[in-house]
Amino acid sequence: MARSSIEQLTSFLKSVNGRAKKALSQNFLVDGNILRKILATADVQPGDWVLEIGPGFGALSEVLVSQGANVIALEKDPMFEESLSQLPIDIEITDACKYPLASLDDKGWKGKGRIVANLPYHITTPLLTKFFLECPNRWKTVTVMIQDEVARRITANPGDKDYSSLTVFLRFFADVQYAFKVSPNCFYPKPSVSSAVVHMRVHEDFPLSGSEIDEFFALTRAAFGQRRKLLANSLKNLYPKDKVFQVLEHLGFSEKTRPETISLEEYLKIFRLLKDF
């Protein structure tokens with residue numbers, strides 16, 4: 001019986017006198033059709049190296065292995081260690097937020113691989129940030145199930161109410177697509193919110209490199225720190241206001257431009273000009 005079976009899951013939990021831990025965002029996927037859709041979206045090929053975060057009982061791990069992937073899984077809850085060890089995967093009982101991704105090489109990881117995961121919702125943003133700041137060149141694709149609200153935020157367009165600094169951050173590194181929505185009924189226990197799968201195809205090259213990346217994201221974080229403010233006011237702690245006005249005018253923007261209306265490409269132009277003016 002597949003690990004996506006609710007009977008299999010509940011039987012396991014009973015056998016270890018365990019339960020889903022809300023503090024770890026443990027809502028286990030128990031729908032085989034959704035697992036197959038995730039696999040198709042991620043485009044996992046035999047021999048691919050795949051990093052999985054929070055495998056839990058291993059429903060996703062199982063289908064990744066069936067596709068011929070080399071899976072390294074990071075799981076915080078030791079309750080699942082013995083069960084996961086029955087699968088042909090490399091399992092680490094660790095906090096994914098603290099795990100040094102460079103150490104994947106010690107496990108035989110070769111070339112560019114993929115991230116495929118049902119991310120714990122309470123650490124979605126820290127993990128997405130870590131994946132790209134720590135080793136952006138390691139990934140071909142990132143396919144994750146996250147809270148639907150967050151999925152809509154990171155796939156929003158300039159001018160949308162959900163458009164945010166996280167949107168700009170992820171688009172710097174990848175093409176980001178909203179793949180499909182997932183009902184709470186597909187989980188055990190049922191979460192109180194809907195979920196969604198997002199697929200990111202990582203760029204071969206990035207617009208900036210080195211310390212400029214940190215400087216650029218300092219600008220975008222400041223811009224969105226007080227999103228109802230004018231851009232020039234939001235950036236006043238980083239750049240003189242008159243300099244920001246000069247750059248905006250040079251690029252054809254109004255002095256009343258707000259941060260949530262500016263695209264990644266436009267932010268890059270603003271950043272480069274602020275460095276040069």
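Yeah, the Cβs are placed from backbone N, Cα and C, and that goes for glycine too.
The model shown is predicted, which means the values in this text are computed figures rather than measured ones.
As recorded in Swiss-Prot, the features of this protein are as follows:
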| type | residues | note |
| --- | --- | --- |
| BINDING | ASN27, LEU29, GLY54, GLU75, ASP95, ASN118 | S-adenosyl-L-methionine binding site |
Binding-site residues compared (GLU75, ASP95) - highest count of Cβ atoms within 10 Å: GLU75
Greatest C-beta neighbour count within 10 angstroms, which of the binding-site residues ASN27, ASN118: ASN118
Where ASP95 (S-adenosyl-L-methionine binding site) falls in three-state DSSP terms: coil
Recorded S-adenosyl-L-methionine site residues ASN27, LEU29, GLY54, GLU75, ASP95, ASN118, farthest C-alpha pair in Å: 21
Reduced DSSP assignment, ASN27 (S-adenosyl-L-methionine binding site): coil
